[in-house]
Amino acid sequence: MITIWLHKGKLQMNEVIIIGFGSQAKAWALNFRDSKRELKIALRENSPSIALAQKMGFETTLLSQLSAEKANTFILLTPDHTHHETLELLDQQLSAGANLVYAHGYSYSANNFKEKFPKFNHLLLAPKAIASELRFQYESAGKLGAAFSVENIEENQNQAKELIFSLAKDIGITAGPYPTTFLEETNADLFSEQTLLCSLLPYGALHAYNELRKRGVSREIAYLECWLEVKLIADAMVKMGPEEFFQLISPNALLGGEKAQKVLFDESYHHKIEKLAQDIWNKDFFTECQGLDFNTLRSSVLSRWANEELTQTHRELSSQLINK
């Protein structure tokens, strides 16, 4: 059962405890604090993040001592592959009815947490922004959307929604949050990462840069055209929408885009993205993730990118061209 306190007719909630202190957790914590919400940071004993969190002015507690805390809402902001172990630890300490809030549906969907940990209220609040953007939009009073789910709450679902909407407001969500399910959010998020955000954009930019360099274009010009302008075009697309965007671009860009989309996005391309979607929807991708050493994978990817000329060019030019 969701536990919510009412004070003078307004929704109140006991302090929240954020589990973890990586980039996403820092952004949530800073936004919560600026919204005057009480919170603590829960970390493992001897975690190097304890000193950092305390230096930033946050009160900390240990994951092994959560049974002594009065909080009833715990926000899970550690990497997905650590969640199962963390929930096993929470299961030993927390009472039935504790609220577990996830920022992404993957770990819940992949590990069947509803059946493994039925004593908890599993809730989803998924901001659609990376950590730095979540903080930036909050500080600049910008606009930010999110998705949510209270699908597992059979009773008091309205109270669960009030809880989620209250948390969303305090981290700076201004649009929605829009209803979804854990599995829908998971599938859509994985699909967008694989077909566009973490593949087509960075690797498409890399291959385009390298092709220009093969043809004698200078590093600076290739970087401007194939890396820096990705943000400019993406910003214009998002702000304007498809119709205004294609109304705006030059005749040459319009013709070139139409020529390229017919060449690149052929039947073979559609078969490939259908295969990626199929692997997500039938959970084959979930199986690929199980037991994978993500630290080793990340090191391999970073090593490969470190050897790309584009990376060195970015290091040399970014301070001149990009506001950070």
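The backbone N, Cα and C atoms fix where each Cβ goes, glycine too.
All annotation found in TrEMBL is predicted automatically rather than curated by experts.
Quick look at what TrEMBL annotates:
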type    : residues               : note
BINDING : Asp189, Glu225, Glu229 : Mg(2+) 2 binding site
BINDING : Asp189, Glu193         : Mg(2+) 1 binding site
BINDING : Ser250                 : substrate binding site
DOMAIN  : 1-181                  : domain 'KARI N-terminal Rossmann'
DOMAIN  : 181-324                : domain 'KARI C-terminal knotted'
At the Cα level, what's the spacing in Å between Glu193 (Mg(2+) 1 binding site) and Glu229 (Mg(2+) 2 binding site), rounded?
20
Find, among the binding-site residues listed as Asp189, Glu193, Glu229, the one whose Cβ has the highest number of other Cβ atoms within 10 Å in the structure shown.
Asp189
Starting from each candidate's C-beta and looking 10 angstroms out, tell me which of the binding-site residues Glu225, Ser250 has the most other C-beta atoms.
Glu225
Take the domain 'KARI C-terminal knotted' (181-324) and count its residues per DSSP category (helix H/G/I, strand E/B, coil), listing them in that order.
122 helix, 0 strand, 22 coil
